[in-house]
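Since the structure comes first, as structure tokens, the remarks are kept for the end.
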2 protein chains.
Amino acid sequence: MLKQLNIEQIDQLQSYIEERRVVMNPALIGRVSAILEDVRMHGDEAVLRYTKQFDGMELNKLRVSSEELNAQADLCTPEFRRSMQQAKENILFYHQAQISKGYRLEKEMGIYLGQRVLPLDSVGIYVPGGSAQYPSSVLMNALPARLAGVKRIVMLTPPSKEGSIHPNIALAAKLVGIDEVYKVGGAQGIAALAYGTQSIAKVDKIVGPGNVYVACAKKLVFGDVDIDMIAGPSEILVIGDEGANPKWIAADLLSQAEHDPQASAVLLAVSQNMVDAVKQELQKQTRCLPRQKIIHESLENYGLALVCESLQQCVDISNQIAPEHLELMVDKPEELLPLVRHAGSVFLGYATCESVGDYFGGTNHVLPTGGTARFFNPLGVDSFVKKSSYLHYSIEALQAYGDSIITLAEAEQLQAHANAVKARCKT
Amino acid sequence: MLKQLNIEQIDQLQSYIEERRVVMNPALIGRVSAILEDVRMHGDEAVLRYTKQFDGMELNKLRVSSEELNAQADLCTPEFRRSMQQAKENILFYHQAQISKGYRLEKEMGIYLGQRVLPLDSVGIYVPGGSAQYPSSVLMNALPARLAGVKRIVMLTPPSKEGSIHPNIALAAKLVGIDEVYKVGGAQGIAALAYGTQSIAKVDKIVGPGNVYVACAKKLVFGDVDIDMIAGPSEILVIGDEGANPKWIAADLLSQAEHDPQASAVLLAVSQNMVDAVKQELQKQTRCLPRQKIIHESLENYGLALVCESLQQCVDISNQIAPEHLELMVDKPEELLPLVRHAGSVFLGYATCESVGDYFGGTNHVLPTGGTARFFNPLGVDSFVKKSSYLHYSIEALQAYGDSIITLAEAEQLQAHANAVKARCKT
């Protein structure tokens with residue numbers, strides 16, 4: 001169930017990863033554009049109409065009342081509540097180190113300049129509906145925004161079959177201090193966040209995962225608002241040395257494969273024995289898992305193993321793939337880490353399974369997928385601030401350097417730019 | 001030539017700004033998508049074909065040789081060379097403070113976690129062709145990338161009518177250490193950078209301004225590579241108190257208006273006398289400027305003045321607009337600056353005209369436009385790095401906190417996530 005490539009076939013490995021990207025065909029773009037435009041024009045009326053059409057739910061208001069939020073949250077177990085609280089503390093601990101303050105520099109003749117770091121005014125978090133619910137994502141999205149200083153954080157999630165929101169999601173919202181929650185999903189939800197409706201004020205940035213309609217809508221509204229990223233299906237790459245336990249490696253590959261049939265699990269080992277042992281374990285462990293069907297599909301399509309000549313070669317190949325999650329299941333992970341150039345999040349050593357980071361360790365689980373770890377960042381405090389620069393020249397400084405500025409402006413044939421300096425220098 | 005609104009009409013002001021955004025209609029998206037797909041499939045052949053079609057230039061190779069680059073750069077004047085060198089030093093001085101190093105945190109039981117900051121591998125800078133050439137943009141785009149540690153920086157620019165590149169652009173490329181330059185423009189150039197061709201290796205991020213085809217292409221390739229932003233037409237907002245010189249204010253408004261007919265220049269003053277004096281100056285100064293036609297169009301369409309009751313109200317309105325450039329032409333700009341919440345770059349005091357920052361002061365002139373300063377950043381060193389997190393749990397730590405992780409995984413019905421912890425805890 002884990003396809004094995006040899007070292008000459010690593011090009012295939014790369015295309016395996018890339019072909020999983022979210023593809024937006026013109027038909028989809030057309031459909032989603034129409035929804036965006038409709039909501040932009042008709043506001044709540046359009047949102048309620050699409051909610052009836054797509055979610056089969058006839059609502060008369062979109063906002064979740066605080067009574068409803070409290071009542072739903074109260075349905076959670078004490079264990080869940082306690083675990084979420086611990087996770088919250090760990091996430092705050094990790095992310096608080098990302099808070100930055102800007103800087104100010106001084107130069108000759110009263111020149112000074114610098115950068116301010118300011119929180120976004122408002123952020124919308126999209127929480128997908130459907131069979132599974134991911135309260136952990138609420139923490140991962142909202143807590144960095146809180147640390148950044150964002151005042152208004154809004155949550156959107158499609159109504160469940162009962163017309164309410166899931167208890168665990170309600171608890172997560174309360175834990176992060178969100179009280180503005182709407183029962184809206186899909187492209188219509190993204191449109192409401194981007195353009196505003198009568199009952200939902202527009203936001204500055206939209207974050208959170210979603211299906212292909214949500215992803216396409218986010219791509220299309222990008223520029224009108226900011227977005228986090230276009231999240232594709234999840235992936236793990238495990239590098240295992242001779243000391244790694246094949247049982248643990250298999251368990252970790254399965255934890256990725258169970259996400260969805262497009263999820264990818266890749267093993268890079270330094271011996272054929274290890275690959276064989278992991279394969280056996282995969283067979284064995286899968287039998288006991290509720291999501292067997294998804295796992296089989298995922299491993300058939302995107303499960304890969306490769307025997308490399310050295311750990312160095314394993315890391316080189318990993319750098320080509322730029323995985324979302326990278327586990328270094330090796331004796332001395334600290335020695336390999338500096339060689340890792342492209343990976344969303346790295347899990348060090350035998351004990352650190354990806355699920356520690358997914359839920360609890362404190363690092364963010366909103367990570368770049370599909371090879372985009374080459375250039376995209378994990379979600380963090382930085383994602384919820386914007387920078388603004390400032391510059392001060394005294395009149396003496398302007399007169400001292402005016403000729404250079406005029407030379408540069410005139411070289412670009414922008415005479416009025418030059419004149420702004422000249423007007424001040426002829427006094 | 002400067003339309004005056006009264007304070008009740010400030011909603012119009014906002015829509016003036018927003019309607020200037022780059023709008024991508026389905027026809028444009030269709031045309032640009034076809035070019036992207038063509039280049040993706042046919043590589044250099046398609047790029048050369050479009051270069052012939054759109055630039056009227058039959059090239060046999062795309063790369064600018066180092067001889068050609070040197071020969072073109074040698075045509076620059078010594079004054080221009082010296083001014084560019086000074087600007088380079090100032091830009092490096094401002095941006096070096098943005099270099100960040102990541103962090104590492106330690107906790108109980110051998111837990112540690114942190115964030116690494118890594119340079120992008122490769123960046124493509126798009127430099128527009130056409131009548132005017134902007135060598136200053138090459139400095140603004142390339143120098144932060146250099147400081148970030150990016151090894152491969154590539155420049156693309158459409159061939160001039162003579163089939164070469166402009167001397168000032170060649171000099172700028174040499175000043176920032178770029179030797180990989182291609183004569184390619186338009187959507188075909190963006191496609192080449194995003195997907196690679198036989199002669200142009202793909203990059204991780206594309207930066208730089210361009211026409212509507214370039215902007216649309218950047219929007220469409222976003223996700224396959226990173227991009228800086230979708231840059232719209234430029235804008236300035238000047239807040240002037242009673243002590244400001246109307247001549248200087250007029251000169252600064254004109255320096256924005258000369259960019260293009262879509263550029264916007266807004267004056268917020270605290271007296272009608274000031275507005276009247278600035279209007280007179282605009283008339284007078286425009287007569288001597290080479291780009292009169294553009295200036296007239298720009299000021300007719302997007303030139304606005306408004307008399308406010310106080311400087312505080314001026315800043316409040318400015319925050320609603322979130323201007324790209326904000327000049328605080330006031331006696332105590334340091335007192336107003338903390339009230340500014342949304343602005344790309346702020347120019348402080350009477351002497352600091354925008355053109356100081358455009359060319360010379362050191363802050364970046366690649367700034368968010370069209371109200372996107374609410375959520376986008378000025379270009380900087382941060383734009384050319386990506387972050388990667390890491391996490392280490394010892395087996396003791398995993399066993400200590402395993403129950404919480406299992407609780408959270410099972411709440412999301414992800415049994416294999418829970419199993420990865422269980423496999424390690426039953427030893």
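Any Cβ shown, glycine's included, is placed from N, Cα and C.
Just so you know, TrEMBL annotations never went through curation; they're auto-generated.
The Cβ of A:Glu324 (active site, proton acceptor) has 30 other Cβ atoms within 10 Å, all protein chains considered. Under the DSSP three-state reduction, A:Glu324 (active site, proton acceptor) is assigned to coil, being neither helix nor strand. TrEMBL lists A:Glu324 (among others) with the feature active site, proton acceptor.
Listed in sequence order, the residues of the same chain lying 6 or more apart from A:His325 (active site, proton acceptor) and placing their CB within less than 8 Å of its CB are A:Ser234, A:Glu235, A:Ile236, A:Leu237, A:Gln256, A:Ala343, A:Gly344, A:Ser345, A:Phe347, A:Glu354, A:Gly357, A:Leu367. Residues or ranges marked as active site, proton acceptor in TrEMBL: A:His325 (among others).
The Cβ of A:Asn211 (NAD(+) binding site) lies under 8 Å from the Cβ of A:Pro128, A:Gly130, A:Gly186, each of which sits 6+ residues away along the same chain. Feature annotation from TrEMBL assigns NAD(+) binding site to A:Tyr126, A:Gln188, A:Asn211.
DSSP assigns A:His417 (substrate binding site) to a helix in the three-state reduction. Cβ neighbour count for A:His417 (substrate binding site) (all protein chains, 10 Å cutoff from its Cβ): 28. Residues or ranges marked as substrate binding site by TrEMBL: A:Ser234, A:Gln256, A:His259, A:His325, A:Asp358, A:Glu412, A:His417.
Just so you know, the Cβ of A:Gln256 (substrate binding site) picks up 33 other Cβ atoms within 10 Å once every protein chain is counted. TrEMBL lists A:Gln256, A:His259, A:Asp358, A:His417 with the feature Zn(2+) binding site.
For A:Tyr126 (NAD(+) binding site), the count of additional Cβ atoms within 10 Å of its Cβ stands at 27 [all protein chains shown]. Annotated pair A:Asp358 (substrate binding site) and A:Glu324 (active site, proton acceptor), C-alpha to C-alpha distance, rounded: 12 Å.
Nearest in space to A:Gln188 (NAD(+) binding site), taking C-alpha to C-alpha distance over the recorded positions A:His259, A:Glu324, A:Glu412, A:His417, is A:His259. The binding-site residues examined here are A:Asp358, A:Glu412; by Cβ neighbour count within 10 Å, the least packed of them is A:Glu412. DSSP assigns A:Asn211 (NAD(+) binding site) to coil, not to a helix or a strand. Sequence-distant contacts (6 or more apart, same chain, Cβ under 8 Å) of A:His259 (substrate binding site) comprise A:Pro233, A:Ser234, A:Ile294, A:Ser298.
All protein chains considered, the CB of A:Gln188 (NAD(+) binding site) has 29 other CB atoms within 10 Å.
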